[in-house]
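All remarks here apply to the structure that follows.
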Amino acid sequence: MGNKQTIFTDEQLDAYQDCTFFTRKEILRLHARYHELAPHLVPMDYTNEPDCKLPLALIVNMPELKENPFRNRIVESFSEDGMGNLSFNEFVDMFSVLSEMAPRELKAIYAFKIYDYNVDNYLCKEDLKKTLNKLTKEELTPEEVDLVCDKTIEEADLDGDNKLSYSDFENMITRAPDFLSTFHIRI
Amino acid sequence: MEVDSVFFTDRSGRVTSNPLLDQLPSYQSLLYRRKSSGAGSKRRNSSRNRFGSSGSNKWAVNTVSKHEEKQKLEERPIRELPKTMAEKRQQKAQRLQDAADLSSWRQWKQGTRRYLRRLREDAHDWLSSLQLWRGDIHLIEGMFGQGILSYFSFLRFLVMLNLIIFVLMFSFVMLPIIIAPHTSGNITYNLNDGGICSVYPSSTRRGLVIYYEHIADLLSGGGFLEQTYLFYGYYRAHKIYFPKTTYNLPLAYLLATIAYLFLSLVWIVKRSATGFKRSLIQDEDRFQSFCNKIFAGWDFCITNVNASKLKRSSLLYELKTDLEEERIKQKIADRTRKEKCRIYFIRFLLNLFVMAVLAGCFYSIYKATIFSQKAQMDNIKVNFIVDLIYEYLPSIVITLANFITPLVFSIIINFEDYSPAFEIRFTLMRCVFMRLTSIGVLLFSLWSQITKCKEEPCVCGYNHLLYSCWETRVGQEMYKLTIFDFITIVSVTIFVEFPRKLIVRHCDCGLAKWWGQQEFAIPQNVLEIVYGQTICWIGTFYCPLLPAICTIKYFFMFYIKKLSLINNCRPATRPFRASSSNFFFLCVLLIGLALACMPVIASVAQINCSQACGPFVNYTTSWEVVPTAVSQLPDGVQGLLWALSSEAFAVSFFVVTCLAMFYMIALAGAHKKVIKQLREQLAMDGRDKRFLIQKLCQAQRIPEVRPSQPRQQVLSSSSSRRSPNYETSFSNNFDESLFLVHSPPDSSTHV
């Protein structure tokens with residue numbers, strides 16, 4: 001079935017199928033999308049695992065990510081160097097976690113990373129303010145922003161330290177009924 | 001140091017994370033995979049570098065719980081691990097290596113498991129590519145988000161449901177009749193015993209037929225359509241004798257009816273199971289509304305600029321509404337008694353008004369139905385158009401009522417001073433009630449006509465003079481309702497929404513601005529299709545081809561609504577949540593199903609079936625087929641069936657079901673209590689943790705120092721002096737762990 005393509009070895013495709021939630025066809029399709037972002041940079045032959053990374057600016061302009069207020073944070077969370085440069089592995093990883101079939105726990109881990117702007121393993125009030133402003137494009141008054149952030153921390157904070165640790169976040173997100181359906185990108 | 005602050009600030013005043021906290025097993029499970037890099041450190045605090053360079057893997061090696069974690073990780077599939085691709089492949093290679101050490105039986109087992117999993121995924125992939133309208137729904141999802149998507153997938157579900165119902169009716173009722181001549185089967189028809197009840201005047205037109213009369217027949221189900229497979233009256237076969245078996249058609253007809261109602265129930269309940277669970281969780285915790293909006297509010301599927309603008313504004317609207325709700329809650333809590341009395345009085349008056357409106361609508365439907373039936377009976381032929389209007393009068397009145405009442409309800413609710421969320425739900429409930437009860441009123445008025453004779457009681461159990469085949473008549477009414485519903489939807493789309501879009505776009509006058517662009521109001525659209533589906537369920541017993549008509553109707557409706565949505569509408573500013581909406585649709589559908597069962601059951605069990613047409617001519621009521629068939633079964637089976645239907649069995653079954661239900665409710669209550677206790681415990685544990693760490697750090701910090709003492713010695717000696725609480729896994733890691741960011745040169749301790 002996969003003998004006609006020369007982009008990946010069968011072994012590689014096998015590994016991808018085990019390590020992500022995609023089928024072989026979808027992985028080839030993802031490679032085509034990755035390639036069309038920068039046809040001169042991305043080789044068509046991945047059999048010897050070339051070391052090619054695409055910069056943040058290119059990836060963030062993909063139609064699936066263009067309208068997302070968190071696009072920069074999403075790409076940064078999946079990049080190894082934290083700057084948003086994605087290799088093909090990381091690219092596939094990103095869409096795999098954001099696909100329909102990824103389980104809630106996995107998505108919760110990455111959602112926490114995405115919303116943690118200052119990367120300190122806590123969602124503090126500053127992180128929440130930044131998230132809220134990205135969501136509403138700063139159309140709430142500062143008092144309203146303050147109030148909403150306070151209420152959010154009040155709702156989810158369990159250990160009383162005025163910030164959300166991962167366990168607070170996970171406990172809250174399991175009770176958010178829309179999370180699985182909204183934290184999902186179709187590609 | 002203040003009591004509440006756990007984290008120290010380093011000399012520059014920035015808050016850094018405590019290394020002790022980094023070692024906790026709960027952090028280990030996060031498995032962050034940041035590598036420290038020169039460029040990265042500019043953005044991050046110095047502690048991050050330290051944390052990053054130590055790397056989670058290193059800690060994983062050192063902590064006591066490494067073994068358990070490894071086991072846990074091994075049980076989870078690789079792709080669910082939050083690691084980089086390279087690490088996942090390493091993990092896979094590792095597992096393969098480990099697997100090679102296992103016995104060949106285990107290897108084979110693992111291999112087959114993996115193969116079956118792959119096979120299942122491929123099959124799932126192939127099946128979902130066969131799904132109807134996959135591309136269209138994908139497009140709609142990208143443009144309008146999840147709420148409207150749920151409407152369209154609901155529509156797709158109904159198409160499938162109607163198709164299956166049609167296949168069921170066709171294969172058990174129509175197919176035997178059709179294939180009987182070809183397989184040398186012998187059909188015996190119901191005997192015409194010549195009594196007055198079995199007179200069935202033919203309604204086919206004779207002589208020269210003008211063309212528009214055919215159209216009138218097509219639209220009203222009369223004339224040439226009456227004596228066809230379309231209606232109940234045509235199925236006069238009693239038994240079909242095939243070479244090997246006899247086929248009892250009346251029994252099959254009745255059982256197919258029961259089967260399709262039961263199948264619909266099971267399918268809907270199955271589909272609503274996930275939504276129901278989620279809805280329960282959500283309703284329990286209304287406090288989490290802000291968290292849900294911020295963290296799960298943005299729909300990552302949106303790819304369209306306009307849609308994202310709309311989503312943004314709808315999120316904004318939701319947040320403002322929530323803040324407003326808080327204010328209103330406060331206001332309600334502050335109400336004085338006098339104000340409360342006034343509000344309750346107003347609400348009472350308005351509810352009376354609503355009931356009066358409903359009563360008025362129901363009365364007008366009743367009158368319209370009676371008038372329409374009389375007009376058809378007296379056969380007054382005024383004019384083609386006027387005749388058609390007389391025929392369709394009940395449908396017209398129902399549609400008008402269903403158009404006006406939601407407007408009235410939404411105006412009234414503003415005076416009743418409820419909270420916004422409750423307002424929406426209450427108005428919706430009223431509209432649902434209105435829509436579904438209007439069908440009931442129509443059927444009731446029909447029934448009153450059918451069972452009303454000049455001399456009471458009726459000779460045949462029904463009015464055989466006017467309604468020689470009353471089931472066909474009911475089927476015709478249902479058929480007309482369906483056709484009119486479809487015509488209404490198409491004409492509203494073409495003649496109201498399309499001009500509205502043109503006016504709003506090209507004309508800049510005040511009227512256009514006030515009217516605004518069309519909004520795709522999900523609740524009203526859903527009510528529309530539930531209404532259509534309820535008619536289909538009721539009508540299938542009298543008009544076996546109705547499911548096929550409904551399938552085609554919903555099929556075309558999908559494309560019409562999609563076109564209308566993309567070209568004419570903008571998404572509603574009041575958003576409809578995806579999770580609760582699925583459950584809401586299926587809930588309303590269940591109400592419709594319950595309502596549809598009642599007339600069918602009443603007519604099968606109570607009303608005498610017509611003696612002039614249909615499969616049940618030899619029986620008094622349609623239900624009689626079943627006891628007659630059961631009495632022909634062997635004795636043992638008969639005895640069993642009689643026992644099952646006896647009162648003793650029914651009562652004990654009911655009691656057992658009640659007990660099971662009470663048990664479930666008690667269990668749910670107990671779980672809720674346990675959850676509450678665990679939450680409180682978690683909060684308390686969090687505070688304990690902070691307190692202990694604070695004490696620990698206090699214990700380590702010393703202002704004056706013994707400079708030359710090696711750290712390990714000091715620490716190990718201090719460990720023995722510490723209380724047992726601290727002899728946790730920390731004690732294993734002293735060499736690498738306890739260095740505070742800004743620690744004084746030595747951290748010798750004295751308590």
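Glycine is treated like the rest: Cβ placed from N, Cα and C.
Predicted, not measured: the structure shown is a model, and the values here were computed from it.
The compositional bias 'Basic residues' annotation in TrEMBL covers B:33-47.
Positions annotated as compositional bias 'Low complexity' by TrEMBL: B:48-58 (among others).
Sequence annotations record features per position, and here TrEMBL assigns compositional bias 'Basic and acidic residues' to B:65-77.
TrEMBL lists B:706-723 (among others) with the feature compositional bias 'Low complexity'.
If you look up TrEMBL, you'll see B:469-579 marked as domain 'TMC'. Over the domain 'TMC' (B:469-579) the predicted model carries a mean pLDDT of 83.
Taken from TrEMBL, the feature region 'Disordered' covers B:33-77 (among others).
The annotation region 'Disordered' is assigned in TrEMBL to B:704-727 (among others).
According to TrEMBL, the transmembrane segment annotation covers B:157-179 (among others). For the transmembrane segment (B:157-179), same-chain residues at least 6 beyond its ends with a Cβ under 8 Å from one of its own Cβ atoms are 132, 185, 187, 229, 235, 237, 240, 247, 249, 252-253, 255-256, 259-260, 263-264, 267, 271, 529, 533, 536, 540, 544-545, 547-548, 550-551, 554-555, 558.
Summarising the annotation, TrEMBL assigns transmembrane segment to B:251-269 (among others). Residues of the same chain lying 6 or more positions beyond the ends of the transmembrane segment (B:251-269) and with a Cβ under 8 Å from any Cβ of it are 161, 164-165, 168-169, 172-173, 176, 235, 537, 540-541, 547, 586, 589-590, 593, 596-597, 600, 604, 615, 622-623, 625-626, 629.
Remote same-chain partners of the transmembrane segment (B:344-366), defined as residues 6 or more beyond its termini with a Cβ less than 8 Å from a stretch Cβ, comprise 394, 397-398, 401, 405, 408-409, 412, 415-417, 430, 433-434, 437-438, 441-442, 444-445. The transmembrane segment feature in TrEMBL is assigned to B:344-366 (among others).
If you look at the transmembrane segment (B:392-415), the same-chain residues 6 or more away from its ends with a CB under 8 A from one of its CBs are 219-220, 346, 350, 353-354, 357-358, 361, 364-365, 368-369, 371-372, 375, 423, 426-427, 430-431, 434-435, 438-439, 442, 477, 480-481, 484-485, 488, 524, 531. TrEMBL lists B:392-415 (among others) with the feature transmembrane segment.
Residues annotated as transmembrane segment in TrEMBL: B:427-447 (among others).
Marked as transmembrane segment by TrEMBL: B:583-602 (among others).
Taken from TrEMBL, the feature transmembrane segment covers B:648-670 (among others).
Residue counts for the domain 'TMC' (B:469-579) under DSSP (helix as H, G, I; strand as E, B; rest coil) come to 86 helix, 4 strand, 21 coil.
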